[in-house]
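Asker: Structure below; questions to follow.
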Amino acid sequence: MGTNTPTNEKPPTAAAKSYTPLFETNRRSTKSQLLNKLFAATVLLGICSIWFYRFTHPAPTTHRWVWVGALFAEIWFGLYWVLTQAGRWDPVFRSTHKDRLAAAHPDRSLPRVDVFVCTADHTIEPPILVVNTVLSLVAYDYPPDKLAVYLSDDGASEFTLYAMLEAARFAGSWVGFCRRFDVEPRSPEAYFAAAAGEKSEGGGGGGGWEEELVAVKKQYEEMKDRIESATQMGRIPEDALLQHKEAFSHWDGNNKYSWRRDHPTILHVNPPPADGVNGSSLHLPTLVYLAREKRPQHHHNFKAGAMNALIRVSSKISNAPILLNLDCDMYSNDPSTLRDALCFFMDDRKNHDVAFLQLPQMFDNVTKNDIYGSSLLVISRVEFPGLDSFGGPMYIGSGCFHRRDVLCGRDFDPNGSKLDWTNYGRDHEHTVEQLEREAKPLADIASDHNTLWGTEMGLKYGCPVEDVITGLSIQCKGWKSMYFDPKREAFLGKAPTTWPQTLVQHKRWSEGDFQIVLSRFSPAWYASGRISIGLQMMYLCYCLWAPNCLAVLYYSIIPSLCLLKGIPKLTCSSINHNLLLQISSPWVLPFAYAVAAKYLYSLAEFLCSGGTILGWWNEQRTWLYKRTCSYLFAFVDTILKTMGFGESGFVITAKVADEDVARRYDKEIMEFGVSSPMFNILATIAMLNLFSLSGVVVRCLVAKDGVGVRVVFDDMGLQLLLCGALVLINWPLYHAVFFRKDKGRMPGSVTATALVSALVVCTSFVFLY
Ligand SMILES: O=c1ccn([C@@H]2O[C@H](COP(=O)(O)OP(=O)(O)O[C@H]3O[C@H](CO)[C@@H](O)[C@H](O)[C@H]3O)[C@@H](O)[C@H]2O)c(=O)[nH]1
Ligand SMILES: [Mn+2]
């Protein structure tokens, strides 16, 4: 996509000579930008001519609603396309100078960093996965006395605490090994897997690496065994109970069923040995376990509540000016990421308005052709760099660095919003007991309920995408954000591995995003004048995912039904209308151009972002399924919620699958498996298109004189194409319905429901309408 050239940011003046930038900003070459814009202009022309066609061929008297639907869908798709162009207007790409950072700020003058890891359920977020993340963070290449890792456990699980304590013990050996051989990545599980395939970087070159690897791996496996068997047997080993009597005492005699929703704050600070691990020179960061207080009568506000408790508690313990937020499945893949991030926050000239720095969310379990389109490639590689030029990307949760003061509600002052490092941190004259005693009440409900937390301070409450709404409210104050997509992925997490997970995750996202449009911070009006128009357009683009379902549902159902019934024309007294255009009509050209150009461009973007052709095709299916299911449910639920019915929840995505499912996932076989209302809709639409297509084919075959065939192709050619494309993209679904025998197939009940519903819809449309 063109070459990158550095932008000319303000020519250096004499006074500014001593300033050395810590990061670089690159833009596409003027030529490639111009070409891109010209191309966009031609597509826009195509879109306008489609609109023009509709308006100059006014509503017919018969089948009027079909016409109205098509008009609505075409306007929607056209406008939506315009919104997406903002993300492609002027992308910027950032790179860092860690060497300059090191020269300007020796380790002892680096600011503290607090890392927050959130977990919420030890059954779907296994403790061993969580501690792999924790260990990868503890092993950051950063002065240990400046780093603290906090684990928030909304599941209040003794097994997660046990796992963390085990990890703290193992950390000495692990970090030592990592430092000595400079290994990457620093999540033990990921490293050992890579080392086994001899793909590991660093290390390999002798110096006792192999022996040490065997030893540290053995220790790790033993620890993993202990953690997993404790979880399986539902019992913490005696020796651990004895050693950490105080910490585990909270679980004595608790009621297993209500515990998660009803328990006091549990805070356990695990300070590193002051004189180094086993008296060596190796020091480790502080590790903290927190399960904030929960009571059934108080809403806990999901991850936002957990994050706010962490912000408060950490302010007493380490009080770092920079916070990093990670989900429990996202381990650090690059030990130098903290230094990368600081290049942005510590750049002398450009740091005064940067509130947060978002890094892309990448996943280590995505298969080659990404069957669920979960890698977010185009968003990460194309759209977020695009947002960055308009004031910065959204805050999307995991992988985001924040300035503590801004996240805590600091207003933007154009004359002085610089971060003063020196006011932060606290020295450890306190004993651990003192620290725990002081910090603990801050995670109690009393410190949160009826306070400014969740409204003016911290992450916002009441929205399933707490991250996006929080980021938007910060940007609306005048703060900027930045996006940094490093060459080596900074974090790797777990993407959903089944259709139900994928669809439910997108329901949460699109529901949350749509709520933002209707909220106080609406990007449609509140943000006007507060953030740039380009950014506003892109916020709308994401926040209007949910209502997208209407136009897509229309396009995937009505033209096919009309095809089946044989309605090519919508007649009005004098003019002939076509539902979709007639193939021989000159108007087909701009229509075909706009559609083809849009899809080819999207394919090119996908390939340039590192995807495969099949991956792109899979992503198109995912978009279709998300739009017809997740977004529909999100849309309906949001409307109901605004009318006062129901509340939106937070369904946590499972990070493990049973063996059978995992095996199919690795083979890129789609997983349906359970019956769900979402599948009923998907399968019904798929069947309906199959029936329509077969119906037409049969009709052509029985038409003796060939007239029927000609009419079908000429008058309904586009409908036929659309229906054919829908059948093609649904292929794996038919396969799962009709042919598969494994557990991941479409359940019989869904199949039956879909067949009956599609049959009823088709016959009643053909015979009754
Ligand atoms: O009551 C809760 C619910 C969730 N979580 C944590 O929130 C994180 C995200 O949950 P997950 O189920 O993995 O959702 P994703 O859709 O994968 O997460 C993305 O979307 C979320 C917003 O919907 C953001 O919060 C996340 O950071 C972002 O990675 C996980 O670490 C959970 O443990 C909590 O701490 N408390
Ligand atoms: Mn996740």
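Any Cβ shown, glycine's included, is placed from N, Cα and C.
Keep in mind that this is a model prediction, so the values were computed, not measured.
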Asker: Pick from 181-199, 599-617, 618-636: which range has transmembrane segment per TrEMBL?
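Answerer: My reading of TrEMBL: the transmembrane segment range is 599-617.
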Asker: Tell me the Cβ contacts of LYS303 (Mn(2+) binding site) under 8 Å, same chain only and six or more apart in sequence, or just say none.
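Answerer: Long-range Cβ contacts: CYS118, ALA120, ASP154, GLY397, LEU459, GLU466, PHE650.
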Asker: Fill in the CA-CA distance, ASP327 (Mn(2+) binding site) to GLU125 (UDP-alpha-D-glucose binding site), as an integer in Å.
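Answerer: Each residue's Cα considered, ASP327 (Mn(2+) binding site) and GLU125 (UDP-alpha-D-glucose binding site) end up 10 Å apart.
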Asker: Kindly assign ASP327 (Mn(2+) binding site) to one of the three DSSP-derived states: helix, strand or coil.
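Answerer: It is in a strand.
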Asker: In sequence order, which residues at least six apart in the same chain have a CB under 8 Å from the CB of GLU125 (UDP-alpha-D-glucose binding site)?
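Answerer: Long-range Cβ contacts: THR119, GLY155, CYS328, ASP329, ILE652, ALA654, LYS655.
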Asker: Measure from the Cβ of ASP154 (active site) and count the other Cβ atoms within 10 Å, all protein chains considered.
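Answerer: Around ASP154 (active site), other Cβ atoms within 10 Å: 24.
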Asker: Including all protein chains shown, what's the count of other C-beta atoms within 10 A of the C-beta of ASP327 (Mn(2+) binding site)?
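Answerer: There are 23 such Cβ atoms around ASP327 (Mn(2+) binding site).
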Asker: What are the sequence-distant neighbours of ASP467 (active site), meaning same chain, six or more residues apart, C-beta distance under 8 angstroms?
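Answerer: Long-range Cβ contacts: MET394, TYR395, ILE396, GLY397, CYS400, LEU459.
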